[in-house]
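Visitor: In case it's useful when we look at the structure, here is the feature table from TrEMBL:
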type: SIGNAL; residues: 1-20; note: signal peptide
type: DISULFID; residues: C81-C86; note: disulfide bond
type: BINDING; residues: R143, T145, W156, S200, H203, R235; note: FAD binding site
type: DISULFID; residues: C342-C345; note: disulfide bond
type: ACT_SITE; residues: C342; note: active site, nucleophile
type: ACT_SITE; residues: C345; note: active site
Amino acid sequence: MKLVVALLLLLLQVSGSADGRCFCQVTGDLEDCACDVETIDGFNNDKLFPKLQTLLESDYFRFYKVNLNKPCPFWTVSSHCGLRDCAVKPCSPVSSSSPVSSETREALLNWSKHDDESERFCVVDDEQSPDSQYVDLLLNPERFTGYRGPEAWQIWNSIYEENCFNFIPLTLVLFVAARTFYSWLEGQCVEKRAFYRLISGLHSSINIHLSARYLLDDSWFQKKWGHNVSEFRQRFDSELTAGEGPKRLRNLYFLYLIELRALAKALPFFQQPSFRLYTGRPEEDQKHKELLLHILQLARSFPLHFDETSLFAGDEKEAAKLKEDVRLAFLNISRIMDCVGCFKCRLWGKLQTQGLGTSLKILFSERQIEALPASSDQRPSFQLSRQEIVSLLNAFGRISTSIRELKNFRALLAEDQ
């Protein structure tokens with residue numbers, strides 16, 4: 001099998017085709033993992049993706065409370081994106097004129113009663129703030145908004161730079177010293193490599209979404225969104241990215257494995273009889289809980305999970321410090337999201353950052369999850385708030401969608417010869 005993959009890889013490289021230049025290295029085994037790209041593609045696209053999309057359309061998962069007016073804590077944001085596609089349509093589910101059911105409107109007012117506080121990997125918006133509002137994610141899909149240029153570049157450069165590991169600036173990675181950077185990265189411990197690859201994978205996923213839902217036609221009578229192959233190539237073609245593009249896509253698969261593993265590990269929490277996907281409609285709530293458990297059990301059945309025991313396995317004190325460094329780094333990154341000038345980009349950036357932070361919280365809380373009490377009378381040793389649950393599943397939904405979109409782009413690039 002590996003010989004066949006190698007021959008196909010060689011043929012793609014020799015052909016010089018656009019799909020070859022984007023996907024020439026996106027095959028075979030993943031670094032630091034016991035898994036391969038092809039296994040993930042088959043599992044995600046054929047088994048998990050359709051079920052997950054159905055779950056995310058339910059009322060519990062479609063509403064996300066967020067404060068889009070928090071000031072940037074690092075620099076002065078001169079102005080917000082004036083493009084109309086940057087705007088977020090506010091949601092008024094508590095209004096009697098809302099299309100949302102009266103039970104769900106009531107549930108939105110009471111959701112905070114079902115939450116608890118615990119150690120966090122992300123800065124959480126004050127849900128009681130008058131600036132915090134519920135957003136219907138289905139009415140505000142993640143797609144290309146036109147937000148780009150120096151301000152957008154500053155955000156990503158800060159995410160790569162402004163963390164405890166002091167990575168080489170993104171400008172050097174992309175244009176000056178890519179080989180030097182990757183040689184340096186390979187010499188780092190698995191935790192630092194994993195941290196960089198998670199951020200790179202998240203960056204790649206967002207770029208795939210923007211390329212897959214691009215504004216293709218903006219006339220007075222219609223707005224047409226669809227796949228922009230040129231935009232995808234600009235971000236992932238090996239020749240156009242100094243060999244960086246395919247590595248970014250491989251990091252997307254690494255991110256998928258991390259978040260998939262977190263879902264599998266969280267199954268006991270969601271299996272608790274006391275846990276409900278509370279929307280005020282008991283029959284619908286039970287139906288969607290069963291679907292959620294089915295998805296989590298499917299995640300657990302994945303045959304080649306990432307082995308999280310490889311992380312923080314050294315000296316106990318050093319491992320504890322490194323774990324805390326990672327947590328603080330993600331807290332810092334979540335604060336950078338308040339510097340994004342495009343409100344829709346800020347919304348999805350905050351949600352996906354919180355979702356990834358929640359995944360790490362789960363992976364770092366194995367003992368607490370294992371110690372969950374059998375009786376609801378006892379205080380649980382591990383807890384997730386509704387915001388964390390919604391961000392966890394929606395963030396993974398974004399990664400799952402990205403993996404599915406790669407199949408579409410492979411086909412489109414092959415046709416575009």
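Even glycines carry a Cβ here, placed using N, Cα and C.
Worth saying up front: this structure is predicted, and the values here are computed from it rather than measured.
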Visitor: What is the biggest Cα to Cα gap, in Å, among R143, T145, W156, S200, H203, R235, the residues listed as binding FAD?
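Guide: This binding site's residues have a maximal Cα-Cα distance of 21 Å.
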Visitor: So for R235 (FAD binding site), how many other CB atoms are inside 10 Å of its CB?
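Guide: There are 20 of them.
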Visitor: Of all the disulfide-bonded residues given, namely C86, C342, C345, which is spatially nearest to S200 (FAD binding site) at the Cα level?
Guide: C345
Visitor: If you count the other Cβ atoms within 10 Å of each Cβ, which of the disulfide-bonded residues C86, C345 comes out on top?
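Guide: Comparing the disulfide-bonded residues C86, C345, the most crowded Cβ belongs to C345.
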Visitor: Considering Cα atoms only, can you say which of C86, C342, C345 is the nearest neighbour of R235 (FAD binding site) among these disulfide-bonded residues?
Guide: C345
Visitor: For C345 (disulfide bond), which of the listed binding-site residues (R143, T145, W156, H203) have their CA atom within 10 A of its CA?
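Guide: Taking R143, T145, W156, H203 one by one, the ones whose Cα falls within 10 Å of C345 (disulfide bond) are R143, T145.
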Visitor: Please name which of the recorded positions listed here, R143, W156, C342, is nearest in space to C86 (disulfide bond), Cα against Cα.
Guide: C342
Visitor: Looking only at Cβ atoms, how many others are within 10 Å of the one on W156 (FAD binding site)?
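Guide: Around W156 (FAD binding site), other Cβ atoms within 10 Å: 14.
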Visitor: Taking the Cα atoms as reference points, how far is R143 (FAD binding site) from C342 (disulfide bond) in Å?
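Guide: Cα-Cα distance, R143 (FAD binding site) to C342 (disulfide bond): 12 Å.
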Visitor: List which of the binding-site residues T145, W156, H203 have their Cα within 10 Å of the Cα of C342 (disulfide bond), in sequence order.
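Guide: The binding-site residues passing the 10 Å Cα test are T145.
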Visitor: If you draw a 10 Å sphere around the Cβ of C342 (disulfide bond), how many other Cβ atoms fall inside it, taking every protein chain shown into account?
Guide: 24
Visitor: Ten-angstrom check, please: count other Cβ atoms within 10 Å of the Cβ of H203 (FAD binding site), all chains counted.
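Guide: Total other Cβ atoms inside 10 Å, all chains included: 19.
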